[in-house]
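Participant: TrEMBL lists 126-272 with the feature domain 'Phosphatidic acid phosphatase type 2/haloperoxidase'. Under the heading transmembrane segment, TrEMBL lists 36-58, 89-113, 125-146, 198-215, 227-245, 257-276.
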Amino acid sequence: MSDIELNKPPPEKPRRNLKSLISLPDRPTFRTFIRLCWLDILTQLLCTGLAFLLYKLAPPLAPKHFMVYPGMERSGVAMRYGKPYMKEYISTLVSAIVSVLVPLLVLLAVEAIRGGGFWEVNSAIMGLCSALATTTVFQAFLKFLIGGLRPNFLDICQPSIIHGYSGIGYGNIWHTPEDVCTGSPKDIREAQMSFPSGHSSAAFAGFGFLALYLNAKFKILAQAPHWKMLLFVAPWLIATLLAASKVVDYWHHWSDVIAGSIIGILMAHVAYRMVYRGVYDARVNHLPRRR
């Protein structure tokens with residue numbers, strides 16, 4: 001080997017420009033993609049559509065009984081269901097957009113920077129959408145089948161007992177919204193769908209999936225430096241803030257928020273395991289399952 005060859009500098013690594021960051025060399029044809037993924041996409045759309053119809057059109061299945069009697073303003077009933085009606089701090093639409101778009105944009109950014117292939121990007125997106133869609137229809141059915149009175153229910157209901165009308169149960173003081181409420185029928189229907197919290201379930205499904213994804217890509221739970229722990233905790237913090245806001249504005253009880261959070265966390269874990277080879281196993285949790 002000559003001296004020239006020995007002194008030859010190593011070849012420069014190709015610079016990564018925007019085009020190289022978003023290029024997906026293993027991208028299949030559109031026809032192949034649809035053939036492999038059409039069922040997942042259709043299922044996600046059906047879940048989301050069914051949840052929307054249940055939430056917007058279906059009245060609560062079971063009648064919600066509550067007590068109405070003279071002097072109830074200072075009772076435990078008023079303490080639980082008589083909170084003042086307030087505008088939501090974070091509306092349903094804003095919460096849904098944040099729970100979907102923020103995790104999605106972070107996933108895409110990480111895959112672009114790390115140079116992930118098409119199927120890695122596809123697994124991340126499909127897993128996130130599966131977690132959110134399943135969570136949405138799950139909590140929508142619970143709202144329809146079980147539901148419950150919101151903390152601000154009495155302020156929305158504005159109960160008024162007609163003279164001579166008697167309720168049911170002990171003391172004849174148990175009534176339904178149809179019997180005694182004088183408020184807006186649309187608002188009264190909404191005020192009976194407290195359980196579980198949809199904000200909480202969507203937030204923890206979306207940001208929970210993101211946290212699991214970041215853990216896998218950056219090996220956060222594998223003796224990582226402290227800054228990586230903050231990276232893992234940040235999505236959980238955002239989800240907690242979105243969920244807890246519903247207690248502060250009197251739209252949900254703590255039990256609704258906790259139940260919704262558990263639903264979202266479970267769906268995030270199941271969806272992640274469906275598209276990746278592990279959840280917490282650092283050896284394989286970054287590897288997508290093959291289709």
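Every residue gets a Cβ built from N, Cα and C, even glycine.
Those TrEMBL annotations? Automatic predictions, nothing curated.
Give me the local environment of each listed feature.
Facilitator: Beyond the transmembrane segment (125-146), the same-chain residues lying 6 or more positions past its ends with a Cβ under 8 Å from any Cβ of the stretch are 37, 40, 43-45, 47-48, 50-52, 54-55, 58, 60-62, 99-100, 103-104, 107-108, 193, 195-198, 201-202, 205-206, 208-210, 213, 260, 263-264, 267-268, 270-272, 274-276.
Sequence-remote contacts of a segment are chain residues at least 6 beyond its ends whose Cβ falls under 8 Å from one of its Cβ atoms, and for the transmembrane segment (198-215) they are 55, 90, 92, 95-96, 98-100, 102-103, 106-107, 110, 124, 127-128, 131-132, 134-136, 138-140, 143, 221, 231-233, 235-236, 238-240, 242-243, 245-246, 252, 256-261, 263-265, 267-269, 271-272, 279-280, 285.
Under 8 Å from some Cβ of the transmembrane segment (227-245) lie the Cβ atoms of residues 88-90, 95, 98-99, 102-103, 197, 199-200, 203-204, 206-208, 210-211, 214-215, 218-221, 257, 260-261, 264, all in the same chain and six or more residues away from its ends.
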Participant: So what's near the transmembrane segment (36-58) in sequence-distant terms, Cβ-Cβ under 8 Å and 6+ beyond its ends?
Facilitator: 28, 122, 126, 129-130, 133-134, 136-137, 139-141, 143-144, 193, 198, 291
